[in-house]
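Over in TrEMBL, the protein carries these features:
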type	residues	note
COMPBIAS	728-755	compositional bias 'Basic and acidic residues'
COMPBIAS	757-775	compositional bias 'Polar residues'
COMPBIAS	838-854	compositional bias 'Basic and acidic residues'
DOMAIN	503-583	domain 'HRDC'
REGION	1-29	region 'Disordered'
REGION	727-892	region 'Disordered'
Amino acid sequence: MKSTKNRDSANGGRQDSNSETNEEENGELCPGFKDVDAFVKYGLGAVLSATKASAGLPQAGDEYDFYRSFPGFQEFCESQGDRLLHCMSQIMQHHGCRSHIRDQNKLTGLEERFDLVVDSNDVILERAGILLDEADGVNRSQQPVMPAGFQPPKIVVSSWNRKGPGSGSRSETFRLLHAKNVSRPQLKFKERIDNSNTPFIPKIFIKPNARKPLPTYFTNKQIRKERPEDLDVPAALADLIHQQRTQEHVDDMFAHPYQYELDHLSTQEKLLSKPEPQMYKPVAETKLSFIDSLEDLVALNEKLCKLSEFAVDLEHHSYRSFLGLTCLMQISTREEDFIIDTLELRSEMYILNEAFTDPSIVKVFHGADSDIEWLQRDFGLYVVNLFDTHQASRALNLARHSLDHLLKHFCSVDSDKRYQLADWRIRPLPDEMVQYARTDTHYLLYIYDCVRAQLLDFNHGQPGLLQSVWNKSKDISLKKYMKPIYTEESYLELQRKQKKSLNTQQLTAFRLLFAWRDKLARQEDESTGFVLPTHMMNKISEELPKEPQGIIACCNPVPPLVRQQVNELHLLVQQAREMPLLKAEIAAQKMKGLTPIKKPEVMLFGPHDTSRVSESDLPHFSPDDLPVKQGMLFSEDEHKMDVDVQKTGGLLAPAKITLFQEMETKDAQKSPSVAQIKARQITESFQNPFRMYLPSKNVHVNENAKFDPSSKIFEISKRWKLQSVEQQQKEMEAKRKAKEEAKEQARKATEERNKAKQSYQESLQNVATVRQQAAESAKSGGKKRERVDSEVGELTPKPSKKLMKSAEKPQKTEATPQESFKPFDYSQSDLKVFAGTKTKDNTQFDPNRQDEGFKKKKFPKGQKNNFAAGNRSMSFLPGKSDRGFRHNWPKR
């Protein structure tokens, strides 16, 4: 009968029915069914009919929208939907699951309902499987069944959670409930968690123990919550918008509410005197209260307000939340211990501000740096008059400053740290975790008394050292919580911590993955480590996988959100791969030997054909060892090489652009020093302004840039025709040679002209002048000189009659009686040959007029020499006369 009951409950869970099996006295399993077979047969038929009916419903899309337009169909769907939700809620409530299906947010209602149904199905089916196994006699676990809603705990065995042999534990390992099946407490919060990328604004709206009133911004917060226009924006952003509307002071929004009270806080005299340590009560004799209701919280606050000191500690969870969750608060007094369920009382915890901000009550913490920020972030709680035992331990120069060491040193208690990494969201808490949380504060007040006494003894009774601890504790109280704000440079801080050198593509991938991780973590309210751990993000950034499978291979184990969003991550990696590399990064890759150049010894194959040669036979050659053919961009000229081609195994022909190429020297061929390498790297890191004209070597160029008119690639390939420096030098050399040849020709022409003039002057040395010829003719008696025919081919010019007569005239010694002397009439002669230039004013030849010099006067352009007719001598002296070239002699 027990087996039939279990099978009945299991099948009833699958069919969404909760029929009871307490009708045994009537002989029936349940009303209408005499045995299990009848119930299963009927249930199977009901499921089949329901499946057929659901298949006949209108399909989602246009068909459903069409039927939805009819009011009757719409009302029927709403009524049936409410009945189904009500039935599902009852079933879930019966099995101990959350059943608030209809009371959900409009934005995320569908997703939350789906998650609730999935979780409920897992719980119900798991319980049904356990009951069926027990009915069949198979007992899989001797451990008690966990509370409803959770799977049995998993054994976690590792080196850090094993207990020592002297711990007195019943087990060597502890059981840690896996967080996968723990319901998200964020879904139960009355106030939605604000993960927006806006600054944090304090949650306080009531300020107890105030010496300075709270600004009006915080007191009117409840009124601002009712503004309908700000419902669709985050709370912090809505407050910022409201502040801009009302022109309130910005400092009031982000200031510490108890800044004034803490600045004017003075340490009491009794706190600076040596105390008498008050021994703690044994744990077994101390009362423990678990606070999970508002009434108990109010009663606790009243008790705390009557005390002079109490100890506080928090338990935090940060793996499945973006900002983190404060899951538990432990408070201990001299007589009693309290554990507060802060997940259940999250919106009412502000009540404790009355005790936490009372300056007459000492609040003892250990390592309160994070606790102060968590109290402000989640509850709006602030602490006035804080004492941090961690700061006291540092002032005493103890060996270690952890709470574990203080418990061992002052109380001789070995703390159990097996649950330090436990998931504190689990409800209800196991007894082991409750005892662990209780231990953190139970002994803290006794440690507080001991460290105060030792601080005074350490300083020879002077309160200076103890006062410094109080001051440091007050500085910790003044800390303000700051939300993580994403900026475009946020990834740089994380990248520096990795201490890895990334190129442009890798750094771009790291930046894009960092932004994607931050955005998704805020949306899903998950930690960045849960979305994509940092070491996996580094691996993806370094490898830059080409396929989505490569991204999955970089993650082990693969995070759930990475597996869901792998296509989006692949697009981000592709975007990073399209980034061009800088010249220094390409050189760095070559220095690492990523693309070695090898020269084959076999001449039958090309320089890259290594299929028939073993790698051991291929020596490594750098590009400088190979002969290089100097080429030019956009040039059709062929240049000769000074290299014997038969002795080379391969030729390299790089582009002949040497704007920044330096001549190699013998010193440069030596191995550079460390300073030279650093200087070279710094020089290469600067962007070359002529980088567009340099040849690209293994640089990825975006295909779209080749067709973009605004890009430099398009400009170079379509519009610019580059000319090398060597071609420019050749043109300059040709011009220089042309100038030298022109000068040489002019020099030769001048020498030939001078030689002709000299030869002509030498030929005129034995020629008589006109007067001599006239005198000779007079001596000869007036006879004319016989004309002698010149030989054939003789080029001597024929002397004129005038010259002959003037040559004979000086030789005449006596006058002949037959004929009297008659002077030659020079007015009838053409004497232009002696002038050199045309004359206009003076046409009369004066034989007594001689030239004073042979310098040629310069006249302005267009002005002629009008007075140079008689500037030529009659003695044919060497000058610039053109007589020998024109052959224009005067005639009678």
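In case you wondered, yes, glycine gets a Cβ from its N, Cα and C as well.
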Within the compositional bias 'Polar residues' (757-775), residues counted as helix, strand or coil by DSSP: 13 helix, 0 strand, 6 coil
Helix-strand-coil residue split for the domain 'HRDC' (503-583), DSSP-based: 59 helix, 0 strand, 22 coil
Mean of pLDDT values spanning the domain 'HRDC' (503-583): 94
DSSP residue counts for the compositional bias 'Basic and acidic residues' (728-755), split into helix, strand and coil: 28 helix, 0 strand, 0 coil
